[in-house]
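Asks: I'd like to ask you about the structure that follows.
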Amino acid sequence: MGSNDENSRTRYYILALSTVCLTLTCANSLILNFTIICMDDVEEGLRQTPYSPNHTVDDPNMHWLDSPSRKNLLFSAVAFGTLLGTAPLMQIMQRYGTRISFTAYGLLSAIATLLLPVSVDFGGFWAVAAIRTLQGAAIAINYPLLGSISEAWSPLDQSSFYISILSCHLQFAAMVAMPVSGGLCDTSFGWRSVYYLMGTVSLVFFLIYAKYYTNKPAMHRKVSAKELTHIQSGKEINEGRQPVPYKAILTTPVILGFLSASIGGNGGFQMFFQYGPTYMNKAMGMEVASTGWATAFPYLLSFIVKSIAGPLSDKTTFIGETAKIILFTSLSQGIMTTCIIALAMTTSLSTAQLCYTMAIAASGLNIIGIIRCAQLVARQHVHFLMAVVTLINCILVLFIPVFVAFMAPDNTVEQWSRIFYVVAGVVILSNIYFLFTADSRPAEWTRADWGNPSASMPKVSTINGPQMPNLSSRDSVLWSDTKDAFPGFGHSPSSSSSPADNQRLQNVLAFRNEKVL
């Protein structure tokens, strides 16, 4: 082991690595949104003339690149894939843990990204749709990971900072995907090189993740006793993997409030995320060149807001955690709702741009309000709640285009005004219940003995040094690895086993029945 100073930063390395990997899977799903305009060289012999009113959307002779409806289906395929990826997610994470689960989903994203150029050149529309579905399935794990990684690795006094940085992968993904795509598309390497570069980088980082990440800080050889004590301070350390109490979770008032607020908050965000450029360009008449910058800047501002508000929340001690949750949620959703109503009432381009920017920036505070509440209340089961949020997001992504097409078929200011009034009403109604049920105390179903009062933690003798308990063959490997990492463990105390190291070993043994992957 290195010095305590050196080994007191492992949680930050985990945070950085996890954020990079989350960014890559999200960016991989966004690449097509830009590179699709660069695919002029795709098998010209297979394509007819560019799209015109004389072609029908179902014309079998039309290449999919010339069919607006088929290109829209490719964008929707990501949401459909996310739905499919969410279905087995809880069972996978429950059985294999965060490390193996995220590695598998990340490698799926990397391989699908590498295969997409091949599917475009040789597979046709349905092959591309299948690859897009796989990319969507790979990002299904992103939201649950915000909860599981921060719950395992962040100290309670840094949890707002930790989860706010992890959630910035949405902003980072756009900042990576668009410049890389734009830069390489204009070179001799062409649009295919974007997929090969991003796929290869994803493979490298997920192999690093598989090697470096551990499901529990106590299992990481680079975590010092000092850092482990800091991470676990105030937490109830549970042995093994507890089954998720689905019924108990979904009947808890604060959780119902959280899910209700998630519908409104994510609905407002997704409306801007999907249709912000369309509204600014079609309804308000902003030039195309200006639209790109005008609709991208708010996400950079949202990242800045998160980066400031997360540490600020952790360091604010003169108000309680529940009060902070209500405060940040009220600020986030209140500012967003005010801006949405202002958008419904204005015909000024400058006012619309200002309100749009403020609404997106304020949405960044939501992670420190609503999501923070879920993290504190659900603790080790927060990954399940984030999976439910992923499901809600998927449904919203599939529903919003239908809603917008019905409400604003001509993209007029008046039609968009009606949309904004409806969205503002949904945000207000969905958040009222949460404000009355918000809490920061761990739910009773997070206790180690919940549902099994006779359960007890393993007894480890420390009188004459830790003695090897009766372990399975798999856990015996863990014991051996622990002894290799800490000379002197497993027998009487010696000069090579310090009290701090003995404390860490006890934490390791508390998890000995977990299958460390």
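Positions of Cβ are set from backbone N, Cα and C atoms, glycine also.
Okay, these came from TrEMBL:
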TRANSMEM  12-37  transmembrane segment
DOMAIN    14-442  domain 'Major facilitator superfamily (MFS) profile'
TRANSMEM  73-90  transmembrane segment
TRANSMEM  102-120  transmembrane segment
TRANSMEM  126-149  transmembrane segment
TRANSMEM  161-181  transmembrane segment
TRANSMEM  193-212  transmembrane segment
TRANSMEM  248-273  transmembrane segment
TRANSMEM  293-313  transmembrane segment
TRANSMEM  325-345  transmembrane segment
TRANSMEM  351-371  transmembrane segment
TRANSMEM  383-407  transmembrane segment
TRANSMEM  419-438  transmembrane segment
REGION    484-504  region 'Disordered'
Asks: Output the single range from 102-120, 193-212, 383-407 maximising the number of Cβ pairs under 8 Å to the transmembrane segment (12-37).
Replies: 193-212
Asks: Counting Cβ pairs under 8 Å that sit 6 or more residues apart, are there three or more between the transmembrane segment (161-181) and the transmembrane segment (73-90)?
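Replies: Touching, no - the transmembrane segment (161-181) and the transmembrane segment (73-90) miss the threshold of 3 or more Cβ pairs under 8 Å.
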Asks: Could you check whether the transmembrane segment (102-120) and the transmembrane segment (293-313) come into contact, where contact means at least 3 Cβ pairs under 8 Å with the two residues of each pair 6 or more apart in sequence?
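Replies: Counting Cβ pairs under 8 Å, fewer than 3, so no.
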Asks: Any contact between the transmembrane segment (73-90) and the transmembrane segment (383-407), i.e. 3 or more CB pairs below 8 Å with pairs at least 6 residues apart?
Replies: yes
Asks: Can you work out which residues elsewhere in the same chain, 6+ from the ends of the transmembrane segment (351-371), have a Cβ less than 8 Å from its Cβ atoms?
Replies: 146-147, 160, 163-164, 167, 258, 261-262, 265, 268-269, 272, 276, 279-280, 284, 286, 294-295, 297-299, 301-306, 309-310, 313, 324-333, 335-336, 339-340, 342-343, 434
Asks: Do any residues of this chain, six or more beyond the ends of the transmembrane segment (126-149), have a C-beta under 8 angstroms from a C-beta of it, and if so which?
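Replies: 14-15, 18, 22, 25-26, 28-29, 32, 64, 73-74, 77-86, 89, 93, 98, 101-102, 105-106, 108-109, 111-113, 115-116, 119-120, 162-163, 166-167, 169, 371, 374-375, 378, 382-387, 389-390, 393.
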